[in-house]
């Protein structure tokens, strides 16, 4: 039926033998995705070395580099048992101790925080089909933050369970948002509006609880938590965040095709045989898990989950297989470099002080969000 | 243009062609019958149902066209048949079985729907979009099988979009997009295919492309097609059976020759028109819009009866 048409256009069309067989894992070698991954990794490594070299015990970049590639640490099972399982730390040289034990965790936690928040944001953006969605916008972060403050103020004995409590708070906030926005299915606009309002309520609760804080040091630590900070993190935080991050990332990658079909809209997804509400709910749970895991170790680092997926989408396109992988690289690059940027900025001012990374991401991310809103006519529909 | 159709008496064309070549395959028992029985369909926002107890049957392996003026309920009926709109009463039967008893994926393997408005992220490639049509055939973790690739290749070829394979959907014209979406539902490889105004808003070239795809489906496959068409002449040319709706009621059903008459056009579409029998089916020459007081020449917009539909 299309003989004449396809004949004249066949010569122009691309050689299609190139794709179908290669679709299995061929997408991983997409030029843009590889460039993004390489650049992000470089940024993380450079920022990481700068970060590690700073501190009361000043080290040169060469010393840091030597220590980081020290075979005695890299291939010592006992050392890794100490790091990852919390066993007793074996004897180490001073510089190795400073680099590996005291300073590197901050960088690594930054990596996990960035990756988790970016993946979480990417998931929420597909579920709501809205670029403005992120754990922060949907109230997940405020819910987790309120739960943490509640623990600090009234349930001091439960501080050990903080990660779980944060996840519960985040999940609760998201459930409230989802239930309120659910009316014959969830519309993106309703979901984001409900998220903003529920987020505001939980933030008010947080603020309110500060008045009940008696101990000034607890108040300080609680405040650092609500703005999101990597200061003072060590291997214990990594042990805490690692398993949940792996789980969330694996589930996000496995769900990439579902996310892609969700992007076609509710009607099409449904006519393709997807149980839309169930899939949305399941994937949202993965998003909550990823966000809560980071909030438990670093507090509320704002806007990462919003900016990173958006930037990655501009580079690799909207295919979620590529998008999730891209987020795994770009998220860490943003958080680690923002953390070191804040530190260097203070250094330039001649101060020894440090500001939490969440303030930097907020200062960068807020304007970016406004720019998005200004640019997008249909409130950020993907 | 080919005019191979079934041998049922009712599908005999004006040109007398009653090709028998496809009969055995096309009317084989593995064709699916879709029927809506006593359907009451409406939207949550309005109290009164759009359709109030209508029964309609899509002939297995043939093309059934739903026609009617704006707001007649033809799209609503299609949504009901596609299980996108839950009937308040009545049921939709696929091969005699209530479609609510099917699982969502099981259903999507048997029944495909092309909605009027389809949206996709702009940067998706044509081929990737068509691969989404295989969704109901794949498990949660399953990768693409040879069977999936074969189905996608066939769908792309049938829709005539092979030359667009690597293009981004956003870069296509409206007509090309529609062909790609058709390729996606074809890749679903269903027994029944429902199309909601597939030619509306397309240029003539792409309208004819879409019609040719449907003709190929009718002539060369067992698929049962139900299509909502705005253009009654197009419907008459394409369909084996026609169902004409007005104000949520079925006014006429039968072959195009039976349905497309001057009397029906006056009654359902409120126009005076001359119907001429040609070898490509009835040709309609609209003369003027009819009014209740039947004043001549005045053609003014009537307010749509139901904004929920169309």
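Just so you know, glycine gets a Cβ as well, placed from its N, Cα and C.
Copied over from TrEMBL:
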TRANSMEM  A:33-52  transmembrane segment
TRANSMEM  A:104-124  transmembrane segment
TRANSMEM  A:136-155  transmembrane segment
TRANSMEM  A:161-180  transmembrane segment
TRANSMEM  A:192-213  transmembrane segment
TRANSMEM  A:286-311  transmembrane segment
TRANSMEM  A:323-346  transmembrane segment
TRANSMEM  A:353-373  transmembrane segment
Test the contact criterion for the transmembrane segment (A:192-213) and the transmembrane segment (A:161-180): 3 or more CB pairs under 8 Å, pairs 6 or more apart in sequence, then answer yes or no.
yes
Between the transmembrane segment (A:286-311) and the stretches A:33-52, A:104-124, A:136-155, A:161-180, A:323-346, work out which stretch tops the count of Cβ pairs under 8 Å.
A:104-124
In the same chain, which residue numbers or ranges, 6 or more beyond the ends of the transmembrane segment (A:104-124), come under 8 angstroms Cβ to Cβ?
44, 47-48, 51-52, 68, 133-135, 137-138, 140, 230-231, 233-235, 237-238, 241-242, 245, 248-249, 252, 255, 259, 283-284, 286-288, 290-291, 293-294, 297-298, 301, 304-306, 308-309, 312, 320, 323-324, 327-328, 330-336, 339, 357
Any chance you could find the range in A:136-155, A:161-180, A:323-346, A:353-373 with the most Cβ pairs under 8 Å to the transmembrane segment (A:33-52)?
A:323-346
Contacting positions for the transmembrane segment (A:136-155) when only residues 6+ beyond its ends and CB under 8 Å are counted:
120, 124, 128, 161-162, 165-174, 176-177, 191-192, 194-196, 198-203, 205-206, 209-210, 212-213, 218, 221-222, 225-226, 287-288, 291-292, 295-296, 299-300, 302-303, 305-306
Using a Cβ-Cβ cut-off of under 8 Å, list the residues of the same chain that are 6+ residues beyond the ends of the transmembrane segment (A:161-180) and lie near it.
135, 138-148, 150-151, 186, 190-191, 194-195, 198-199, 202, 240, 244, 281, 284-285, 288-289, 291-293, 295-297
